[in-house]
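Peer 1: Just passing along the structure, written as structure tokens.
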Amino acid sequence: MADRIYYPNAELAKTAYCNSMDQYKKMHEKSIKQPEEFWSEIAKQFYWETTSSNDKFFSYNFNRNEGDIFIKWMEGASTNISFNLLDKNVKCGNGDKIAFYWEGNDVEDYSRLTYRKLLEETCKFANVLKSKGVQKGDRVAIYMPMILELPIAMLACTRIGAVHSVIFAGYSSDSLAERVLDSKAKVLLTADGAWRGSKLLHLKSICDHAMDKVKSHGHNVESCIVISHLRRVTCPPGNTSDGGKTKNGTSNGSTSEVNLSWDDDRDCWWHEEMEDADSSCYPVWVAAEDPLFILYTSGSTGKPKGVLHTTAGYLIYAATTFKYVFDYKPNDVYWCTADIGWITGHTYVVYGPLVNGATSVLFEGTPFYPQNDRYWSVIEKYKVSQFYTAPTAIRSLMKFGDDLVKKYNLDSLKVLGSVGEPINSEAWLWFYNLIGHGKCSIVDTFWQTETGGHVVTPLPGATPMKPGSASFPFFGVLPELLDEDGKIIEGEGEGYLVFRQPWPGMMRSLYGNHERFQTTYFDKFNGFYCTGDGARRDSDGYLWVTGRIDDMLNVSGHLMSTAEVESVLAEHAAVSEAAVVSKPHPVKGQCLYCFITPNEGKNFDKQLQDELKKKIRERIGPFAQPDIIHHAPGLPKTRSGKIMRRILRKIAVGDRNVGDTSTLADEGIVDLLFQLRPEA
Ligand code: PRX
């Protein structure tokens with residue numbers, strides 16, 4: 001079954017924006033050979049305060065021998081993103097259309113927001129930001145749950161040309177502080193707290209710790225604007241609600257009862273600031289290459305990288321990928337389950353859908369609360385037509401059996417999307433047959449924080465699907481596979497996945513560190529953007545992304561660096577050395593497998609293991625918790641002291657076939673580590 005080719009549903013193909021491989025190939029060829037013409041035609045659909053001349057529409061350098069790397073689209077043009085997403089939609093008759101159905105953590109909490117109201121709230125909050133001294137180019141950090149104020153805050157930043165930096169609200173206070181400090185954010189936006197399933201997240205208190213830490217490093221967050229969220233949502237049964245609603249909907253008191261620490265000079269409530277704010281705000285026109293947002297992603301050195309995206313190119317790329325990859329039509333309801341704290345949420349919860357005038361679901365909760373059928377019930381409730389999620393979610397839901405799915409009417413679905421990691425054929429087939437009833441196209445979208453939008457993906461009305469293959473490049477994208485020496489692999493083969501030329505939505509730099517941008521992505525292969533992923537091309541030309549080939553791990557779709565985890569583990573007083581590798585995991589894709597060498601005289605016991613797990617949770621976030629901690633009295637090192645991770649990966653999976661060990665300083669260590677395997 002997995003080897004079969006699955007053809008797009010003929011009904012869907014009839015009306016699809018791209019409905020055949022011939023059309024795809026023609027469009028793709030034009031986008032590569034005449035990028036100026038291809039993208040300038042698309043750009044005409046949007047509002048530009050000033051336009052770009054043809055000779056300046058696109059320029060770049062991917063070759064370090066010829067100077068600094070740069071990528072520029074639409075030089076000379078100016079626009080405002082919120083104007084294109086909101087004012088333009090309201091003017092085109094979409095004012096009363098629902099932009100977001102908000103579905104809270106609890107089934108009893110839901111609301112909706114029209115495009116007109118979204119514009120009004122965005123303008124009001126833009127005025128609040130202005131009143132806090134935020135100006136064009138200033139950074140605003142956002143640490144929020146999945147609530148309507150989150151896209152409002154992002155769009156309010158774009159309204160006045162401020163640069164948002166959203167930090168996933170599952171990060172610890174240390175991780176938050178590191179990111180706030182790096183971007184020197186002037187303002188921090190958060191909520192008092194949020195329920196995730198039946199767990200309460202104390203967001204404001206995490207922000208307090210982070211702001212203290214930031215201050216101790218010499219930077220001051222001038223204002224912290226807090227949404228009073230807990231009072232308006234239902235408290236999960238068995239919990240005390242700290243001023244929230246009880247299960248029967250009655251109020252349990254006011255937010256003032258929530259035990260928050262408060263700095264009167266710095267902290268204020270969102271709703272109080274919004275009360276008198278003016279509901280109109282003239283947009284600040286920004287240049288095409290002015291920064292739009294920073295989004296941090298893990299870097300292999302352990303220090304997060306502030307990926308910088310700019311205005312015009314990101315806008316046209318988010319718009320075009322959303323339109324073609326999800327084949328969104330005006331009456332569809334689209335749902336992307338990703339958190340806005342990740343790039344998927346930026347491009348495919350906020351920018352892509354809104355610029356297309358789409359109606360989306362914004363979901364605060366988890367797939368498992370109150371029951372393991374929450375996703376299916378939400379699809380039925382809103383008659384979702386495009387459903388975009390991650391392989392790890394699919395795999396974890398498969399476990400609960402098919403009956404839970406069959407209770408619901410999922411007939412509204414047309415396109416299913418997958419993102420974040422390779423999807424195994426078993427999960428693909430379950431998604432296709434059980435969720436999509438064998439009639440929906442699956443778009444397995446390969447991309448990265450850095451790429452801004454999909455770069456290798458099927459198109460639902462055109463591409464015959466092979467389970468597990470992201471298939472072909474999107475418009476404007478020219479992939480190559482290279483061998484270790486940088487030689488291009490033609491036809492069938494496997495190698496480093498790189499891109500030869502920029503597409504509009506690609507990152508422009510790493511915030512405050514252009515040198516790191518150049519060395520990370522362009523030094524390995526001169527003239528190419530290096531993704532850090534490996535891929536295989538089959539005899540039909542399909543691309544199969546095989547996963548990271550650097551020291552990065554992908555746990556449930558969260559990218560992490562081994563160095564980042566190792567440095568936290570090595571900080572523990574009882575730890576002499578730590579080495580982290582990934583191990584395949586049936587649900588998470590990969591999990592963290594940590595080798596720990598204790599200091600002389602220190603015990604490797606359960607207490608130490610628990611302390612190390614806790615430390616990772618506190619320093620990075622709960623999603624980074626290691627699955628296995630392995631006692632390693634020594635590590636396999638070369639004579640020059642380099643840890644041979646290749647061998648550690650073999651030990652992690654119990655594969656005795658470790659290959660050549662002759663370069664090891666102490667060959668005996670390998671046997672010892674096999675003996676000490678925790679599962680042995
Ligand atoms: O390894 C690839 C994997 O996720 C990495 C990018 O992670 P991040 O920047 O956090 O963005 C995730 C969401 C776009 C990639 O380098 N990845 C993402 N999508 C796929 C994938 N691997 C295989 N197939 C995919 N569809």
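Heads up, the Cβ atoms here are built off N, Cα and C, so glycines get one too.
Checked TrEMBL, it gives:
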COMPBIAS  237-258  compositional bias 'Polar residues'
DOMAIN    24-84  domain 'Acetyl-coenzyme A synthetase N-terminal'
DOMAIN    94-509  domain 'AMP-dependent synthetase/ligase'
DOMAIN    564-642  domain 'AMP-binding enzyme C-terminal'
REGION    236-258  region 'Disordered'
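Would you situate these features in the structure and describe their surroundings?
Peer 2: Mean pLDDT, taken over the domain 'Acetyl-coenzyme A synthetase N-terminal' (24-84), works out to 96 on the 0 to 100 scale.
DSSP places the residues of the domain 'AMP-binding enzyme C-terminal' (564-642) in helix, strand and coil in these numbers: 24 helix, 27 strand, 28 coil.
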Peer 1: Which residue counts does DSSP give the domain 'Acetyl-coenzyme A synthetase N-terminal' (24-84) for helix, strand and coil?
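Peer 2: Going through the domain 'Acetyl-coenzyme A synthetase N-terminal' (24-84) residue by residue, I get 29 helix, 11 strand, 21 coil.
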